[in-house]
Amino acid sequence: MDTIRIETSGGSYPVHIGKGIRTKWRELIDDYASYSSFFIITDEAVEAHYLSSILGEEKLSYFIVPSGEESKSFEQYHQCMTALLEAELDRKSCIISLGGGVVGDLAGFAAATYMRGIDFIQIPTTLLAHDSSVGGKTGINHELGKNLIGAFHQPAAVIYDIECLRTLPDREWRSGFSEVIKHALIHDETFLNWLVDRRKAVQNYSDEELQFMLKKGINVKGAIVKEDERETGVRAYLNFGHTLGHAIEAELGYGKVTHGEAVAIGMIFALRMSEEYFQTKLRMDELRIWFESLGLPVAVPRELDIMKLLQRMKVDKKAENKSLKFILLKEIGTPTKVSIDDEAALKLLKKSVERSV
Ligand SMILES: NC(=O)c1ccc[n+]([C@@H]2O[C@H](COP(=O)([O-])OP(=O)(O)OC[C@H]3O[C@@H](n4cnc5c(N)ncnc54)[C@H](O)[C@@H]3O)[C@@H](O)[C@H]2O)c1
Ligand SMILES: O=C(O)C(=O)C[C@@H](O)[C@H](O)[C@H](O)COP(=O)(O)O
Ligand SMILES: [Zn+2]
């Protein structure tokens, strides 16, 4: 098992990464004995695979949401809070988030707001959750935009059992890989080359390769969160590919594309924009072909109205005074935040729409 410590304003917490460690969660939590009770939040697919291995012999209470992005909703949040109240959780209770980013964001937001904030721990079960379980962004979606309702609330611990990844559907492997690629693109070209050089689908990585890749991604995120926990500066770099990605998710309807797929389209768009803005070559063509070979989408879906996407991008949390902000790369590994005018964004959006076959 490897342990990475994430440093935040409120102290640090461990991210344990290893095989089969989910059943040892009680030993891996520093203050296990100090909690009055634990309450698990999970989703239907994860329940079927993993809930019993977390419960063990213990009769813990739990709440199960439907699988998928639609569960990051006011309705599920409300139902979740009702379940917590009915289970009579007190301020010394701890919520366990068992699942991917959807469950993590929802359970984290429930923990952030239940009685004005109680502890929670993350037991991530998707590849994408190497990103979502670390750093303390929690929240739900609104029909007007992704993650617009939320709070910063750091977990007390993250227990990442790589064994859980082996039951992921192929599409979810790919989706999570997109955020791994993001971490490489914003920080480390050597790591990017390591990923490209594998020349195999991520689901075929060995346990050792997976462990290495997860540590790399989490270290990139941890270093940025340490420097800027509440996104007043460099944390926005973790949003590379997300200005367009989030707009696509909301405009198509939550759950139509996965988050990682939308971010993949957004990253290719941001690479193209970076090349134009900085008048440089950034391997965009090579990376687009690589994404396609991995089965990741690279173009804006044809059915989307680009004017509506533009309006959506202005509701992005990075936007200021309705002016569009993008994270671009000066070079691979060197991100920066820039303002882009509407005309330039529209021109590039037109070029990025899927061609009909
Ligand atoms: N808070 C953050 O910093 C942050 C970072 C990145 C993404 N996110 C959010 O994360 C969400 C996406 O997370 P996700 O991709 O993990 O989606 P998800 O949680 O919906 O999981 C994807 C699918 O896989 C299933 N699943 C989960 N684990 C499984 C397993 N081990 N075996 C089989 N099936 C399993 C789920 O039931 C679901 O159907 C988005 O809402 C995104 O906005 C948040
Ligand atoms: O942790 C961050 O900061 C990120 O931006 C990570 C993103 O991958 C993630 O999708 C996050 O939820 C997006 O944040 P948002 O503030 O744009 O909603
Ligand atoms: Zn993301």
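Each residue, glycine too, has its Cβ placed from N, Cα and C.
Note that TrEMBL annotation is computational and uncurated.
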* Asked: TrEMBL records His242, His259 as Zn(2+)-binding residues. Which of Glu179, Glu189, Glu320 is assigned to the same site?
  -> Glu179
* To do: Indicate whether Gly104 (NAD(+) binding site) is helix, strand or coil by DSSP.
  => helix
* To do: May I have the list of same-chain residues other than Glu179, His242, His259 whose Cβ is within 8 Å of the Cβ centroid of the recorded Zn(2+) site, in sequence order?
  => Leu128, Asp131, Ser178, Lys182, Gly241, Gly245, Gly260, Ala262, Val263, Gly266
* May I ask you to report the DSSP-based helix, strand or coil state of Ser67 (NAD(+) binding site)? => coil
* From the Cα of His259 (Zn(2+) binding site) across to the Cα of Glu70 (NAD(+) binding site), what is the distance in angstrom? -> 12
* To do: Look at the binding-site residues Glu70, Glu179 and tell me which residue has the greatest number of other C-beta atoms within 10 angstroms of its C-beta.
  => Glu179
